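In TrEMBL this protein carries:
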type	residues	note
BINDING	125, 155, 176, 223	S-adenosyl-L-methionine binding site
BINDING	224, 227, 228	Mg(2+) binding site
């Protein structure tokens, strides 16, 4: 096509055709201009139209552009900005992850199957959740320590963690975007009439219930979930919104390290087959430092981060100080509510009063604390704490004072 800056014969004929086509058009409408620029790799032909006549020549402009791009060496796809696809959805659900778990929905309660590590993980995560929640209550019933608490189990799957929490007395709502998972969970809990009353399952994502459940739950549990979402920050924001002030958030997940890739994906999925292939994506793993940063930015104070190690030979988990692979995090939502109403509205007036007080010739520091006290009493908008800790140093007395 193009060599150096020379136009090939086909390109010359094309450009000549364009000139002949638009010669009459330019005569009739001087606002329509064309220009051809020859470069090393492509022909760049620009059709310039004044904005106020663009509607009159829009059809001709589209045709011209399509003719021009057909002669480029390197074909590219161009999309006009006003027809660019746009979505306002804030969904954190990955459709590929849904397909993966859909194929395994019937195997949740097979304790020797692909979900065996999750069954075994209950030995750590259930006491971890229970013991930390008991720190937030003064009294609890024997045998039902979590009685009266409302817990949201996000990404509950077949209910492997939901049911133990319900047996501890909590009222639990388990949600999962995979409808088949919810059907499996509902079927399994139906065998226990007690659980049937304490547990409710919904086939939905977290962001779908944020508005109706705002500040509803005493605790939110997201165990082995955050490494499967596509928008972690939005997910954490939703968790925070549904928590009551002072509520607890529990997360177990996988660290993003070279070791987690080697053991969590290469060994566990591709070699040993402990986990089905394609279950995890290393890029979605999150380090404790990054997770803590996101939690803190959303008003959640991290209380505990501890490592978890799985022994594939024994099939058991144990706690560890090493967080290179799996780890558990416990955070609490701030119970302090920031008010920006009257206090904020009076801020400017307070500053004016302070400035007036500092320049008021009628008040002298040598009058001591009595003078300050009278100023505060006369101007209630002033903070009494504004002068706390300040010493009232007497100024040198001048004759006549």
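Glycine too: its Cβ is placed from the backbone N, Cα and C atoms.
Put simply, of the binding-site residues 125, 155, 176, the one whose Cα is nearest the Cα of residue 227 (Mg(2+) binding site) is 155. In space, 155 is the closest of the binding-site residues 125, 155, 176 to residue 224 (Mg(2+) binding site), judged by Cα positions. Using a 10 Å Cβ-Cβ cutoff, residue 227 (Mg(2+) binding site) registers 23 neighbours. Spatially, by CA atoms, the binding-site residues 125, 155, 176 include one closest to residue 228 (Mg(2+) binding site), and that is 155. In this structure, of the binding-site residues 176, 224, the smallest number of CB atoms within 10 A of the CB marks 224. A Cβ within 8 Å of the Cβ centre of 224, 227, 228, the residues given for Mg(2+), is found for these other residues of the same chain: 155, 225, 226, 229, 253, 254, 280, 284.
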